[in-house]
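Note sheet for the following structure.
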Amino acid sequence: SKGRTPRRPGPKKTNNVERDPVGVYCRIRPLGAEDEECCVEMISSSTIQLHAPDGLKANRNGEYKETQYTFKKVFGINTTQRELFEDVAKPLVEDLIQCKNGLLFTYGVTGSGKTFTMTGSPGEGGLLPRSLDMIFNSIGPFQAKRFVFKPDDKGGMEIQGQVDALLERQKRDMPKAPSSRQKADPEFADMIHSEEACKCDNVDEDCCYSVFVSYIEVYNNYIYDLLEDAQFDSVRPKPPQSKILREDQNHNMYVAGCTEVEVKSTEEAFEVFWKGQKKRRIANTQLNRESSRSHSVFTVKLAQAPLDADGDHILQDKNQVNVSQLCLVDLAGSERTNRTRAEGSRLREAGNINQSLMTLRTCIEVLRENQMCGTSKMVPYRDSKVTHLFKNYFDGEGKVRMIVCVNPKADDYEETMLVMRFAEMTQEVEVARPVDRPICGLAAGRRHRNQAFRDELTHRLEERGGPINGANGTDDPVLLDQVLESLPALPSCELMDPADDQTLPRLIEALEKRHRVRQLMSEQLNKTADTLRFMLQQLDGQLGARETFLHDQRSKLSEKEKIISSQKSEIERLEKKSKTLEYKVDILQKTTEMYEQDKRSLQQELETREQRLQKELTDRKRIEHRMQGAVSDANAKWEKECVRRVNAKQLEMQNKLWMKDEKLKQLKAIVTAERPEKPQRPSRDKDRNVSQQRSASPPPLPVSPSALPHVPEGSGPSSPMKLHLRGHFCMPVIVVASCITNWEQKFSVVASSQATPPGTPQYRGRGPAQGTSSVGRRRGRRWEPDSEVPATPVGCEWDHQTALPVHPMHRRSHSAGGEKWVDHKPPCNLDLDTVLQPIIPNAIKVSTPSEKALSKCQKYVLRHQELASDGEIETKLIKIWLPGQRFQTRSGGQ
C-alpha cells in the first residue's frame, strides 16, 4: 500500500527568546495657515480620532465614520523637539552605548513633518543632532585616538597598534595653519542649546570608544553613498555609482564600499551629515516645496574595546571588539499622482517611493501573520532595498521604533487613514530583545587606578624638582623599592637548630652575591653618571646657544605678533563679511532656483498658449478656405442658374415665334384649302395629336360623328358635305381654336417637362377632364359628359410611342405615399444647417434601430456622413425596403 506523506514539521517555537513589540509613536504637526478644516483630533496621550471631511461624507454617502487609533504615545502640536527626543530616541542612544542595535524611522504622508522631526531647524534640533550630542557627551573622555579602530570591508572593525595608528594619522592629517575659529553654518547654528545637553550615566570607563558615521540614500530602488568623494570630470561628467548590499558571516546586511567617517565631536559629525544632506535629492511638488525624493539612512556606528590589565592600552584582540549601530531613517512620503500632478522623472520617483513603502507594508503583514498564526511564510525583504537593508532588525535582534507623522488637514484624510492602518498593524509585530554583551573578564576600575598612579607619580616628581638622589644622600623610596626588587632574594634566616650549619653559609653566600651585584650596579651607575654629566655639559653649551637664538627669535616674534594683531581685526571683519556674503549667495541661489522654476512653468504655459493660438489660426484658415469654396460654389451655382434662365427665356421666345409662325401656317392652310377630301399631311396630324396628348388645355368641342371628317378612313364625298352643313364661320373658328390650343399645350408641356421630371405627381395629374371645363368656359360653352368623343387614332399612336398607360389607382412613388419610415440618424452625425434638408413624413427618428421600430415601419433610411475630398461633410441618404414589401408596376401589377 502507498505510504502517507510525512507531515511537515511546524515552525520552531522561540518562546525562550524574549520579544518586545515595535514602539509606534504619533506626532501631529500644526495646521497650515492656508488650511481651514482639520480631520485629526487628539483624544488622550495615546489615542487620536479621525473625522471624515464634510465633502467626503457627501460624496461617499457617509461611508466613512469617525475612527480611533491607539499608539504608545501621541505628541500634540505643542510638543517640543526635546520632549520627543527624551521619550523616543534617548533610550535607543543608551542601548547603543551598551552594545545594542537600534532602528528609528519616520513614516507618513508627504508634507507631514518627517524631515523636520529627524533633522530639525536652527534652535530646534531634531532627533539626529540630539542623538549625536548625547553620544559624544557620554563617551567624550574615553575616546580612542584616530585610526586605532579601522573599518574592514565586511562591516566589522579591526584594531591597529599605536605605531600604525600614529603613522596613519601623520599620513592623513594635513597640518593646518592657525586661524580663528570658524563659526558654524548660519542656517544650522545653535541646533542644541547647552542647557538641553544630556548624557548617559552607565558608560563603561574601562573601554575605549570610536564613532563612525555613514550616510546613504535609496533613490529609485538604488543605493547611493552621499559621503563618497567622487572626482569630478568637467569634460565627461559621470553619474554617481550605485552600491550593492551584502551579508556578513553573522547574517547582517551592510552596504559594500560605503564610506565610513570617524568623527570625534558633535560639530564634526553634523558637518559630515550636512555634507551628505546637500547631495540628497529633493524637488518641488504641488504638495511640498522641498519634498524628499529618496529614503535617507544615517548610520551611527560605535566601536568599543576593553583596556588591558594595566588600564593603559587597548587590548589587541579582535574578538573583544564590539560594534553597535543606530540607524536613523527618514522615509520619503507617500503621495498620489493625481494630487501632485507629477510628470516624467517625478512620476517615476513617486512610483518607486510608493512601491518601496508598499513592500514595507507587505513585510510587516507577513511578519505579523507568521508571529500570530505560527506560519512560516517567506517575508519578501528582497523586493525593496529598504526592507532588505533592515532585514536583520526584524529577523535578528534590536530595538525598532517608528514615528508616524500626521498632517491634520482635511485634504490628506484618505492617505492619513491608510497610514494609521499601517501603524496599527506594525504595533502587533514583535522583535527579539537584545541581550547584554559582556566585554571581558578583567577587573573593573583599571583605567581609574592607572590614572591615579600617573597622577601620583606626576605629583611627586613636581614636588621633588631635582635628580633621583637628593642633596642629603637619601634615596627615593620608590626607586629604592625598585632596586631591592632587582637584587637576588634572601634565603630564610630563621635558625631552628643550634647545630644548623647550612642556613648561615647560604645567607653569607646570598649577601656576597648581592654585594657583587651592588658593586656592579655602582660601577654602572658611576659610568652612567659620568656619561650623563658629559651630556649635561654639552647640553648646557647648546642651551646657551639656544637661549641666544631664542632671544633673537622672541624679538622677531614680538614684531610678527604686532603685525598679526594689527591684521587680526581685519581678518575677523573679512571673515564676517565672507560669511554674510556666503549666506546671501545661498539665499540668492535658492531665489534663483525658484525664479528658474517659475520661468520654466511660465515657458511651458507660453508654449501651450502658442500651440493653442497656432491651432486656432489653422482652424481659422481652414474655415476661411471652406467659406471661399462655399462662396465660389454659390457663385458658380448662381451663374449656372442665370445661364439656365436665359436659355429658358430664349427658348420660350423661340417657342412663341414658332407658335405664331405655325398659327399663320395653319390659317393659311385652312383658308387656301379648296378640296376637303384631299388628305392632310401625316406629320401635321401627328403633331396636333401629340400636342393634344401633352397639353393641359381641353380639346376642341365635340361634334357629331357625321359632321367630323375621318381622314385616315377616307369616307369620300360625304365629308365635305358635312363640313359644309356646319357653315363657313363656325367650323373654321373651332378648328383654329383647337389648333392654337394644341400648340399652346404642346410647348407648355415641353417647357414644363424641362423643370419637372415625368415621374412627379404634377406631370401625372394632368388630364383632359381638368382642362375641358376651363376651355368650355373660355369659349362660352361647356362640354356635357353625355356627349361622345370619338377616339383619335393619332393620340393612341402617341401613347404607344411614349410609355405604358398608368393606372390612376396604382402609384409607384415610394416617397410620397402613406408608408411609415424608420429614420436612422447615428449619434455621431453632426447637425448641419444646410438649405436642402430631407423631409420624410410619417417617420420614426431613432439613433439606434430596434426590432420594435422596424416591425412598425415598411421603409428604412440611413443618414450617413463622411468627409468629402474638398474637406466638407457630405450627407448620404441610403433607402432600404424592408423584407416582405410588395412593389407595384405602372399598370397595376405586383
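Just so it is clear, glycine is given a Cβ too, placed from its N, Cα and C backbone atoms.
Keep in mind that what you see is a predicted model, and the values were worked out from it rather than measured.
Positions annotated as domain 'Kinesin motor' by TrEMBL: 21-429.
GLY111 (ATP binding site): 21 other CB atoms within 10 A of its CB, across all protein chains. When secondary structure is read from DSSP and collapsed to three states, GLY111 (ATP binding site) falls in the coil class. What TrEMBL lists as ATP binding site is GLY108, VAL109, THR110, GLY111, SER112, GLY113, LYS114, THR115.
Here the coiled coil (557-619) has a mean pLDDT of 91 out of 100. If you look up TrEMBL, you'll see 557-619 marked as coiled coil.
Residues or ranges marked as compositional bias 'Basic and acidic residues' in TrEMBL: 674-689.
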Residue among the binding-site residues GLY108, GLY113 whose Cβ has the most other Cβ atoms within 10 Å: GLY108
